[in-house]
C-alpha cells in the first residue's frame, strides 16, 4: 500500500467504503429521534467546553466547502496519529474492533452492527493506513464541524491526568471539574457524571472513556 501521508488524497480516488445504510461515499446516517436515556445525558454536554480547542466548529456555509477538496497534510497527519495510536503491535494494520475505538477517538460513535458491516468490506478483517484514509477521509471532509482532534484530546487528557499514570482517577476528575466549573455543579451532579463516565467501574477513566465523555 502507498504512503498516503506523502500525497494529497482525493476523495474521488476510491469509493468502495460506505457507512451502513448510506449512499456510497455518503456521510454517516442521521440519528433517529433521541431516546429518553439520550436526553438524560444532554446535560453533560457542558463537559465539552472544558477542552476549548478540542472541538473545531465551522459555520455551515464554510463547512459546505469542505466536501470538494483534498485532505490537508495536517488532516492526514491527524488520521495517521489516530491510526498509530491503535496499531499497538506496529504491524501496519488495525483490526475492526480496534477500528471502532480509533473511530471514536476521531469523534465517531459506530455501533457494533456498523463495525460488523464495515468488517465485511475488509479483506482479512484488518485495514492498513491507506484503507483507513479511504474510510475516514470522506467523513473528515463531510463532518469537519463535528470532528474532535486526537492531539487536542490527548493534551486535554494529560491536563486531567495530573500524576501522568495514563488514567484519570476519580479524585483527579472531581478536582478538575470543581476547578473548571466551580459551583455550577453540585457534588451529587459530579458523582453522577463520574458514575456515567467510568464505564467499567474500576474507579479510573481511561482515554477511551474520556473520548466518549468529550464526544457528547
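Each Cβ is built from the backbone N, Cα and C atoms, and glycine gets one as well.
Among the features that Swiss-Prot reports, region 'Disordered' is placed at 1-41. Look at Swiss-Prot and you will find 20-29 tagged as compositional bias 'Low complexity'. Taken from Swiss-Prot, the feature domain 'EF-hand 2' applies to 125-142. What Swiss-Prot lists as domain 'EF-hand 4' is 185-216, and the listing cites sequence analysis.
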Looking only at the domain 'EF-hand 4' (185-216), what are its DSSP counts of helix, strand and coil residues?
19 helix, 2 strand, 11 coil
Averaging the per-residue pLDDT over the domain 'EF-hand 4' (185-216), what integer do you get?
75
Where DSSP helix means H, G or I and strand means E or B, what are the helix, strand and coil counts for the domain 'EF-hand 2' (125-142)?
15 helix, 2 strand, 1 coil
